[in-house]
Amino acid sequence: MNRLWQETLAHLERTLTPQHFSTWIKSIHFVEIDKDLVILEVPNRFILDWVREHYIPIIRETLSQIGAVAYRVQLNIAQRKSPDTTPQVPSSPEIPPAPPARDSEPISREGCGAYGLNSKYTFEEFVSGSSNQFAFAAAMAVANNPATTYNPLFIYGGVGLGKTHLVNAVGNAIHKKNPEMRVCYYTSEKFMNELINSLRYAKMDEFRNKFRSMDVLLIDDVQFIAGKERTQEEFFHTFNALYESHKQIVVTSDKFPKEIPGLEERLRSRFEWGLIADIQSPDVETKQAILKMKAEQNGIFLPEDVTLFLANSVTSNVRELEGYLIRIGAYASLTSTPVTLAMVKEVLKDILVEKNRELTVEEIMKTVAAHYNVRVSDIKSSKRLKALVLPRQVAMYLSRQLTSCSYPEIGERFGGKDHSTIIHAIKKIEKQTEDDFQLRSTINTIKNALTN
Ligand SMILES: Nc1ncnc2c1ncn2[C@@H]1O[C@H](COP(=O)(O)OP(=O)(O)OP(=O)(O)O)[C@@H](O)[C@H]1O
């Protein structure tokens, strides 16, 4: 590879988050330098558009920083797949050959179609903003090229932030474009219930045939199978069978794979094979856009000041936001009054009082403990176990951020610790979040759970 490009890559690797670097920059294949023109290739139109919009300016800037000031960059779509464009599938000696479906007849195409999808949830109805842009783009990429680029796609994020919507949008888009494909949406709970019934009525062959004949399997809220041994076992074999026959799998969860307590290691590692994309709480602009779209869909006229007020003052949970909107619409319709700021403040007054209440350190410890699946008493203790140190430091960090307590007061609540311990913990987390994408995202998820 050319030295200039190698230097550019090294520079980009230092400045971008590991996830962005490995998702986008690693998709770029260096072709050649022709005088002052750097020629690069990417595998498809989607990546081309994305890289062009988001990374070409950064690449140009990087080139000039390393001395190639007048260089131009040309980005093309590769004629054939270059070897380093598709995410590498780690060799997996431990994968048992997929247990063959006992009925080895070719799977009938009669059952093609979509199962369990909510047709309301489409890409067109999804508002994309900086908080969900990455997951949205990844979902679109999968919908455009199922089972080629990102497999599995793992979408995670806090409650009510659009995971179900997005995973259904993938299914709906694939079904629309490829009606001959079998696309199936299941919550993990439904998967488990069907498994239990199949075991009970000795219909396991049918169960296996059904899931292993899918072209696209969408599993929502996979965290619920954690700790359920038999379900995880069956899901593991379903996953392998589909993956090995190049079928698309999309999974959602409320947590990053590593943070799902009770999730088997072999499943966790498979979830990390493809692309992991997070959805964070929407910022004010995205909330405004969502409110406007939902108000229009529900025939509610929402003045600009009300939209801004709602986007600023209430929840980031989009499901709750929709609920408030419906409540406002119903009130306006029943009382035949227009929606005004004063009316909205009156209708939502209980919620607004609750939202404006300051969080307590105890609530923060409880939420952090639940996220990491540890006990509050352990967080308050002085045990130095690795599994406790991080949750404890995160809880201290959030206590400082989300309450008005001083360092000594926080120390007192954490089982009588010295204020210097609290300062040390906060500094440590601040430093770690600078380049640990996953930790940053986890802290945002916990914050979201606390402030909604
Ligand atoms: N960006 C968005 N644009 C439009 N609607 C959205 C967006 N995000 C969420 N919604 C809407 O909010 C509601 C809740 O979203 P959804 O059910 O997808 O959340 P979730 O992340 O799956 O929640 P849970 O963790 O509870 O399963 C849905 O009606 C969905 O259409």
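Even glycines carry a Cβ here, placed using N, Cα and C.
What TrEMBL annotates here:
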type	residues	note
BINDING	Gly160, Gly162, Lys163, Thr164	ATP binding site
DOMAIN	149-277	domain 'AAA+ ATPase'
DOMAIN	360-429	domain 'Chromosomal replication initiator DnaA C-terminal'
REGION	1-85	region 'Domain I, interacts with DnaA modulators'
REGION	81-109	region 'Disordered'
REGION	116-332	region 'Domain III, AAA+ region'
REGION	333-452	region 'Domain IV, binds dsDNA'
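In this structure, Thr164 (ATP binding site) is part of a helix by DSSP. It is Gly160, among the binding-site residues Gly160, Gly162, whose Cβ has the fewest other Cβ atoms within 10 Å in the structure shown. Each of Gly157, Val159, Leu161, His165, Leu166, Thr252, Ile279, Val318, Arg319 belongs to the same chain as Gly160, Gly162, Lys163, Thr164, is absent from that list, and has a C-beta within 8 angstroms of the C-beta centroid marking the ATP site. DSSP places the residues of the domain 'AAA+ ATPase' (149-277) in helix, strand and coil in these numbers: 67 helix, 25 strand, 37 coil. Of all the binding-site residues listed here (Lys163, Thr164), it is Thr164 whose C-beta has the fewest other C-beta atoms within 10 angstroms. Taking H, G and I as helix, E and B as strand and the rest as coil, DSSP gives the region 'Domain I, interacts with DnaA modulators' (1-85) the counts 42 helix, 18 strand, 25 coil.
Taken through DSSP, the domain 'Chromosomal replication initiator DnaA C-terminal' (360-429) splits into 52 helix, 0 strand, 18 coil.
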